[in-house]
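J.: Got these off Swiss-Prot a minute ago, pasting:
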type	residues	note
ACT_SITE	K265	active site
ACT_SITE	R341	active site
BINDING	K253, D258, D277, E339	Mn(2+) 2 binding site
BINDING	D258, D337, E339	Mn(2+) 1 binding site
Amino acid sequence: MRFSLSTTGLQDWNGDVLVVGLLQDQPATDLEARFPGLGAALAQQQFKGKPSEQLLINRLGNNGPQRLVVLGLGPANAFNLDGVRSAAARAAKAASGHTGSLGLQLSWDGLEPTAAAAAAAEAARLALYADQRFRKAPEPRRQPEALELIGLPATAAAGLQTVDATCAGVELARELVAAPPNVVTPAALAETAAELARNHGLELTVLERADCEARGMGAFLCVSQGSDLDPKLIHLIYRPDGEVKRRVALVGKGLTFDSGGYNLKVGAAQIDMMKFDMGGSAAVLGAMRSIAERKPAGVEVHMIVASCENMINGSAVHPGDIVTAADGTTIEINNTDAEGRLTLADALLYASEQKPDAVVDLATLTGACVIALGDEMAGLWSNNDGLATALQQAADAGGEGLWRMPLRASYKEGLKSKLADFKNTGPRPGGSITAALFLEHFVGDGIAWAHIDIAGTVWSDKGRGLDPAGATGYGVRTLANWICNPE
């Protein structure tokens, strides 16, 4: 899909599908002037401009668009960038079946034009995403080839420049999360990183099992013991032209399948969906795709993924085993289904060795976070208020729900082991907090760190807004915004 600002106004636009948004109780004066009789049609349908309302009219004559769609936008005082995204996603879906141009006019007043243009274009493209890779005969899809935004000033065009890069990263993350575990393996994630390196001039190092053993990564490696697939620690680097003013590390959980190990997932644990336990790695790989295309100046980005499967065989780690992380910390495993934090422990230690100013990890880590925040908000824990604020702003700008959670030090008592330095899980209450506290231990001194738990947001069963049902690609927009727009 191509994106542009329309050079004509509503009265003169003559593309294929025209979508116009009306605020609640807003008179349809401009529409009535262009399409006489439309006001009566809206009145007949008792159209009030509520967010759920939509009126579609086909065949408006020889001189008009083939389809007109009027969307309700809700109250004026509640219409914001999230409203733009929702309306643009609805507009794109309403234009399905037409391969020409889609014109979109919303209520842009009070919105920053550049941000509004970016929000609308990203939502329109992402809402039409469909994954048909695994079908014998993919269904033909007719979609608009171009989106023209009507009524925005010329300065808004700057917001369209990064849309393709952002959406490409989100779509890569969606593809990785949605693919089955016999397709997306640790080796496949490493190959995805290799392809990014080849296509975008990035640097890649992949540590094999022997390399990880030499580094003493016992926490990571113990998780992989039950699998026939070799683990991979993937290190992808973006280096900017010119001076490096800051260095950051993105760490993603990369469990390509999680059976739970001997603490086998049963019942509501949805073992059949545990292909998405590598959602953190998908997010950071997708972010690297976007970052590599946008080429931010002055920032060096290290992406680290410790990838493996958590399976069961005669060599699998037992409940009660004690393992040693790369820094010598000993961990008593009281739950083999709390494996993600073990892989992240060694990944965070490795990330800290790169001497970053900040480390951000993303992981489908705890069901407790889903209970607390649902499936539209990810949880954020951080040891640094400035970093937490920057990530919150980046998430807000990208339309991704993020909520800061407490990092209460006293809860760390629940991780104490009688035999080792730590247990890998604490008591049930506050489980997402103790998980974050466990990770914090493995971050180097003086490094700003944040942990984002995406267990609820990585997948949408029914779809919502610009996210179709399935993998959402959550986290890519937040990370890309944080790194590329540091101000």
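These residue numbers are counts, starting from 1, taken along the chain as shown.
Glycine is no exception: its Cβ is also placed from the backbone N, Cα and C atoms.
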J.: C-alpha of R341 (active site) to C-alpha of D277 (Mn(2+) 2 binding site): distance in Å?
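T.: For R341 (active site) versus D277 (Mn(2+) 2 binding site), the Cα atoms are 12 Å apart.
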J.: Whole-number answer please: how many Å between the C-alpha atoms of D337 (Mn(2+) 1 binding site) and K265 (active site)?
T.: 8
J.: Given the binding-site residues K253, D258, E339, which lie within 10 A of K265 (active site) by CA-CA distance?
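T.: For K265 (active site), the binding-site residues whose Cα atoms are within 10 Å come to D258.
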J.: Would you list the other residues of this chain near Mn(2+) 2 - those whose C-beta lies within 8 angstroms of the C-beta centroid of K253, D258, D277, E339 - in sequence order?
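T.: These residues sit around the Mn(2+) 2 site: V223, G254, L255, M274, M278, N310, G340, T343, A363, T364.
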J.: Taking the recorded positions one at a time (K253, K265), which has its Cβ surrounded by the most other Cβ atoms within 10 Å?
T.: K253
J.: I want to verify one value. Collapsing DSSP to three states, which class is K265 (active site)?
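T.: SS state of K265 (active site) = coil.
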J.: Restricting to the chain of E339 (Mn(2+) 2 binding site) and a gap of 6 or more, list residues whose Cβ falls under 8 Å of its Cβ, or answer none.
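T.: In sequence order, the residues whose Cβ lies under 8 Å from that of E339 (Mn(2+) 2 binding site) (at least 6 apart) are V223, L255, D258, G261, N310.
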J.: Starting from the Mn(2+) 1 site formed by D258, D337, E339, give every other residue of that chain whose CB sits within 8 Å of the mean position of their CB atoms, in sequence order.
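T.: For the Mn(2+) 1 site the neighbour list reads V223, L255, S259, G260, G261, N263, K265, M274, D277, N310, T336, A338, G340.
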